[in-house]
Amino acid sequence: MIEKKSVVQPKQSKFYLNDAILGYLLVAPALLCIIAIALYPVLNTFKLSLYYMKLQLIGMTHFIGFQNYISLFNDPRFRSASINTVIFTIVSVSLELVIGMIMALLMNKKFKGTGLVRAAILIPWAIPTIVSALMWKFIYNDQFGLLNDILLRMGIINSYKAWLGSPSLAMGSAIFADVWKTAPFMALLLLAGLQNISYEFYEAAKVDGAGSIRRFFSITLPLLKPTILVALIFRTLDAFRVFDLIFVMTGGGPGNSTETLTIYAYKTLFRNLDFGIGSAIAVVIFIFVFVFAMIYIRLLDKSILE
C-alpha cells in the first residue's frame, strides 16, 4: 500500500501583504511627491482665481468667488485667444502627424545612407525652441528675410511680405515654424511603432497580392494605432500649451492675431499684475489639458484592448 505524502503548506506570516496593498505602498512615495509638486500649485492657483488680486493695488485683495471666471468668459480677448489656441493646435498637430508619418516610413526603409537621412530629419527637433523661433523670425523678416528673397527671385511674389507683421499671415507662419520643429519628434515616435511591426505580415500580404497602399491601410495603420494615439497625446498637450515659439516670434501680435491662452495668461499675470484673472486663465488651460488627456487615454485603452 502506497502512503500519500502530505504537502506541508508554509505558515502565512501575520505581516503578509497581498499584491494590491504592496503595490499601493510602493507607489505611495512617488504619489506624495506628485501631490506636493503638481497638485498643490494647481489648488493654490484655483484659490487665487477666486480673489480680486492686483499687485498695483496693495491691500485691496478680497474674495469675489467666481467673478473672475464670469469676467473672463465675457472677455472678447479671451475668446479670441481660445480660438487661436484651438486653430494652432488642430492645424499644427494634423500636419505634424501626416509629415511625421511620411518621415517615419522613409526612415524605416533600408537603403544606402539611411543613417545620414535619419540624422538630417531629426536635426530640427534637436534645436532648442528659442533658437528655432529666433531663426524663423530672421527668415520671415520683411526687410532682409531669406524667405522673401527666395520667393521674389522665383517670381512667386512681387514684393516683400510682412509674414509676422500681417494678421492674416502671422498665425500660418508660426504654425509652419512649429511643424518644422516638431514633426521630427512625431516621426521618431511613429518610427518606434513601425519597428515593432513584424515583417512577416507584409510578406504574407505580398503573397496575397496586396500593393503598398493596401498594405499601409490594412497592416501598418491598424497596428500603429496605439503609437499614433500616444504621439497625439504628447503633441496635442504640447501644442495647446505653446508659449515660447509664439512669444519669441510675434509676442502674440500683430493685433493679438497669434495670442494664445498661455500668452494671454503671461501678459495678464506678469505685465498687468492681475493675479486673479491670470490665475483663472491658468485654471481654464489646466481643465482643457486635463479633458484632452482623459479623452486620449480612453481612446488609447480601447485601442490596446482591440
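Each Cβ is built from the backbone N, Cα and C atoms, and glycine gets one as well.
Any TrEMBL annotation is an automated prediction that lacks curation.
Since we're looking at a predicted model, the values are computed, not measured.
Straight from TrEMBL, the features:
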DOMAIN    82-296  domain 'ABC transmembrane type-1'
TRANSMEM  21-43  transmembrane segment
TRANSMEM  85-107  transmembrane segment
TRANSMEM  119-139  transmembrane segment
TRANSMEM  183-202  transmembrane segment
TRANSMEM  214-234  transmembrane segment
TRANSMEM  275-297  transmembrane segment
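Sequence-distant residue pairs (6 or more apart) of the transmembrane segment (183-202) and the transmembrane segment (21-43) include fewer than 3 whose Cβ atoms are under 8 Å, leaving the two stretches without contact. Counting Cβ pairs closer than 8 Å and at least 6 residues apart in sequence, the transmembrane segment (214-234) and the transmembrane segment (85-107) reach three or more and so form a contact.
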